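Have a look at the structure below before the remarks.
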Amino acid sequence: MDLTTLAATPAEPTGFTAWVIAVMEALGGPGAGLIIALENLFPPLPSEVILPLAGFTASQGSMSVIGAIFWTTLGSLVGALALYGFGATLGRERTRAIAAKIPLVKISDIDKTEAWFAKHGVKAVFFGRMIPLFRSFVSLPAGVERMRLTAFVLFTTLGSLIWNTAFVLAGYLLGQHWYLVEEYAGLLSRAVLITAVLTVVAFVVVRVRNNRRERQLSESPTVQLARVSADAPTEEIRRIR
């Protein structure tokens, strides 16, 4: 039976959804894994659509639910390893040089981030695989900081397995109503996006305010007088010599 017909929801699938269905029709489980690997490399591709569709496909007998979970988790790992490799190639020094050119970012911010990742990197990789938008990006700092590859593979696989299993099973159990998963997961994605935007805005506002305060203090007569006083002994010694 044609999978496109089976996947019909209240509206016939079109666009990205239709493309995902076509790939899974042609390639089965490996096709689902390929699309998830691409989703890791191109975050705008929504796993919240791909994974339930893989579960729906399994519910129609085109592949087993275990196969759907296996291939999508393998795809997640392959995509994550590609980003890890990119981060490792970029390296720590290049990353610091790039970050130093970003407006409002200080080297001390990079130092704090590196210290945090050195301490919490394993947790960041594991839980990051279950947070929309950050699922892909967490692999980059792991590569930059040269996180031990065995630990990266283990915790990326575990985190991806939990996330993928939840969405694949939801699509499997809901059958033709798989799209309900996307609707509810979309709320989570939007919440994460809003939180990220608000965090960036708060960072910019606080940093601009602090920079302005530091500039005002450095230009105040009191600070300038203190600098002159501090330099005075040196000048006196020079005159004596």
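Glycine residues also receive a Cβ, built from the backbone N, Cα and C atoms like all the rest.
Caution: TrEMBL annotation is automatic and unverified by curators.
As annotated by TrEMBL, domain 'VTT' applies to 45-172.
Listed by sequence, the residues of this chain that lie at least six past the ends of the transmembrane segment (65-86) yet keep a Cβ under 8 A from its Cβ atoms are 28-30, 32-41, 50-51, 54-55, 57-59, 129, 136-137, 139-140, 142-143, 147, 149, 152-153, 156-157, 160-161, 163-165, 168-169, 172. Among the features that TrEMBL reports, transmembrane segment is placed at 65-86 (among others).
Residues annotated as transmembrane segment in TrEMBL: 149-175 (among others). Sequence-distant contacts of the transmembrane segment (149-175), counting only residues of its own chain at least 6 positions beyond either end whose CB sits under 8 Å from a CB of the stretch, comprise 36, 47-48, 51-56, 58-59, 65, 68-69, 72-73, 76-77, 80-81, 84, 122, 125-130, 135, 139, 142, 181, 185.
If you look up TrEMBL, you'll see 187-206 (among others) marked as transmembrane segment.
A mean pLDDT of 89 is what the model gives for the domain 'VTT' (45-172).
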